[in-house]
Amino acid sequence: MTGTAVPSPDASADGVAGPSPGRGGRAVPDPVRADPVRADPVRVGTGRPAQRRGVVARAGRDLRYLIGGLPLCVVAFVVAIAGFAAGVSTIVVWIGLPILLFTLRAARGLATVERRSTEAVLGRPLPPHHYREPTGRGLRRMLRSLAEPQSWRDLLHAVVGFPLRLTCFIVAVVWTAVALGSTLYVTWQWALPYDAEFSGFYGIVAGQASRLIDVAITTAGGIVLLLLLPVVLRVLVIARAAVARGLLTNQSAALRARTTQLAASRRAAVAAEAQTLRRLERDIHDGPQQRLVRLTMDLEAVTRRLDDDPDRARSLVAEALEQSREALTELRALSRGIAPPILADRGLGPALAAAAARCPVEVSLDVDLPADGRLPGEVENAAYFVVTESLTNVAKHSAASHCAVTVRLDGERVLVQVLDDGVGGAHLGKGHGLAGLADRLSAVDGMLDVDSPPGGPTVLTADIPLVGDEGE
């Protein structure tokens, strides 16, 4: 619903029947209401003609993969051998270090191309890989980059993969050429000399020349080779992909890195929860608790003056009622900061509309979500608190006159952007509110980015996955 106003919190649902929500809030067609007329072509398309087209299409992809890999493997082999030799031979004069770094970086880029092309031809992703991020500065960072094991595996793949990919290229090209040439032999055999010295395959075997029999045997052999071509190409693809899987992936290192990331996310979530509880305790102590203490004192005064000074008692009762109303208002505000009922009942769009209406700064809201507007609960909570915390910071610190909030679904992720025209200077430094917001997002595998130069504007962007990596 991009470009349309978000319904107000009091607006009612339209109740129109439609597709049922799937995972991540996306609409899934209702199978009960499927059109039976449209199902017939699908059944026809899954027969033998469609299977043959699928085999031919896959053979074409395999052939492109095997032939197109030759230029890449030549470049990778030359870069690997030349760069490694030049780097090692000049390392004593320190020139070799940047040469080796450049070589490893080039091998890493070529390995990325190989991974993507292999995943495309296989139709499924390869196991994960992981590069350790170098730390430090200067020489220390350079040495740690050289100590990255996956980069050396990429370099080894460039060397080891060269003869294999060259062999795959030769076999694929020769088999395809012979299969096509033999199958179409009848169309070009007339151009060949046919005498005692050249009498074709049949003449060599049987000792007598027969052009017709020779054409028939050659064509039959070509058809057999052509029928076997998809199998041969697939075997070559699997062989090349096996080398890529063995050298260009490091699942154990990727899992260790993921474990470390999850542990850090858990610590960040615990810290964010503790900070939220401390802030809640402080807000209750400074707000509703003080008003309830004042209410108790007023009621005690009423009981003492009810008989001898009824007028004063009535004024104290009025003050007590005002204190109770203000305490109730503050408790409602605190409850909205914990788990707003409108978010659970109505979804993210109406909840954000209510939050924008409460903000003292003018807010324009653009929410582009599925038709039912519902996302997984943890995603809605994270997106809601990103917006509400950002609006709170805008109202308190930015001196902005206008704020724009955008929420949209981008594939399997929710992107939240809050832009204001304030003074800028916001950052994710430890001890600031945005740092706690980043910790909250890390608990759901989300990321927070803040661009806030001095003088503004400030752009806060949150990237929240619909499903965490551990759940995929």
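Even glycines carry a Cβ here, placed using N, Cα and C.
For 1-53, the entry in TrEMBL reads region 'Disordered'.
Sequence annotations record features per position, and here TrEMBL assigns compositional bias 'Basic and acidic residues' to 32-41.
Long-range Cβ contacts of the transmembrane segment (63-85) within its own chain (Cβ-Cβ under 8 Å, at least 6 residues beyond either end) map to 99-100, 102-103, 106-107, 110, 113-114, 117-118, 120-121, 155, 157-159, 161-162, 165-166, 168-169, 172-173, 176, 233, 236-237, 240. The transmembrane segment feature in TrEMBL is assigned to 63-85 (among others).
What TrEMBL records for 65-248 is domain 'Putative sensor'.
What TrEMBL records for 91-107 (among others) is transmembrane segment. Listed as Cβ neighbours of the transmembrane segment (91-107) (distance under 8 Å, sequence separation of 6 or more from its ends, same chain) are residues 76, 79-80, 83-84, 142-143, 145-146, 148, 151-152, 154-155, 157-158.
Residues or ranges marked as transmembrane segment by TrEMBL: 166-192 (among others). Long-range neighbours of the transmembrane segment (166-192) within the same chain, counting only residues 6 or more positions beyond its ends whose Cβ lies under 8 Å from a Cβ of the stretch, are 62-63, 66-67, 69-70, 73, 198, 211, 214-215, 218-219, 221-223, 225-226, 228-229, 232-233, 236-237, 239-240.
According to TrEMBL, the transmembrane segment annotation covers 212-237 (among others). Sequence-distant contacts of the transmembrane segment (212-237) (same chain, six or more residues past either end, CB-CB distance under 8 Å): 55-56, 58-59, 62-63, 65-66, 121-122, 168, 171-172, 175-176, 178-186, 189, 199-203.
Across all of the domain 'Histidine kinase/HSP90-like ATPase' (380-466), the predicted model scores a mean pLDDT of 80. Residues or ranges marked as domain 'Histidine kinase/HSP90-like ATPase' by TrEMBL: 380-466.
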